[in-house]
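Feature annotations, courtesy of Swiss-Prot:
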- THR11, GLY12, GLY13, ASN120, ARG161, SER188, GLN281: UDP-N-acetyl-alpha-D-glucosamine binding site (BINDING)
Amino acid sequence: MPRLLIAASGTGGHIFPALSVAEELPESWDISWLGVPERLENQLVPTKYDMTVIPVGGLQSKGLRKYFQLLKLILAIFFVIYLIKRKQIKLVFTTGGYIAAPAIIASKLCGINVILHESNSYPGKVTRLLGKFCDEVALGLPIAAEKLKRCRTIVTGMPVRKSFSLKNPLPIWVPKGLEPLIVVMGGSQGAVGLNRMVRESLPWLLKQGYRVVHITGKYDKPSNINHKNFVEKSFTEEIPGLLQHADLAISRAGAGALSEFAICSLPVILVPYPYSSDHHQDANAAYAAQFGAALIVHEDRLGTHVLTRALENLLATNRMSSKYKSDDLLNKMRIGMTKLAIKDANQRLISILQRYV
């Protein structure tokens, strides 16, 4: 029986790819999960995977706190070594982030294989530092290989949930009508700044008759906007059906969201999170824009004005409820998104894992 330890923690961009792979592995695999206390994985990872949590954080702190974080990392490494031996783990799979550091180091000290998946176009710090110790580094976006020349890289694409490969109905709570449907997504970390920009653009959107679904994230207060063509939710599990029936998205530029838009061939206006580590969301957005798949609007004092103008340019001159014209910008963006998609990413990663057990 193959025994796999998955180390994935923090944001949806780390957790959802790992979950997507885990759910499609053969039932004969014994899967354990390594996470961090009070992080998103404690809510999302099914109970069928034995979850172990350990305190670990980044080393970017200063002063005494940096030494405290280093001590936590050392203790975490020893704990993962103990976990690997106790559970007789044969392979470790990680999606980067803080939890990847003790998982990778412990794996090498125990002499077992470790596979890392890097989703972003600009690799995270742990990937850049420890990727060379991994047996393979699977890439969500090919451009990431430029920063990982000492690593054994392979392009797999970004795994997405199996439900995205199915035809899903439009959620019943979405406003009904033939007018274009615009979906706003802030990502697992929420997006207070993005939400503000969108709310300031809403009067124009609703005046034009467009339908708007706004997924705000849990860290923002609900608005007081009441309109038949507007629905606001902090979270929904019906994202596949929502995106498959949408005409345009407005979103942060996380790698997970980009992969879902690509699978759905959904044009998007990207508003990169300005405080993302190493500005990786800016890099993700720029990569999507190279394919003509996205427009980029930055979150700054002019952001709302620029967002409204972008929406006007995309929507005002053509009604998306009719078929796309070949020369429409939205149609060109849809084609660009299709080129960005790697639809067999899940199977590519599973094939790699199966080679190492």
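Cβ coordinates are placed from backbone N, Cα and C, and glycine is handled just like the others.
Everything Swiss-Prot records as a feature, shown here on the structure.
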residue	record	CB count, 10 Å
THR11	UDP-N-acetyl-alpha-D-glucosamine binding site	20
GLY12	UDP-N-acetyl-alpha-D-glucosamine binding site	18
GLY13	UDP-N-acetyl-alpha-D-glucosamine binding site	30
ASN120	UDP-N-acetyl-alpha-D-glucosamine binding site	29
ARG161	UDP-N-acetyl-alpha-D-glucosamine binding site	20
GLN281	UDP-N-acetyl-alpha-D-glucosamine binding site	27
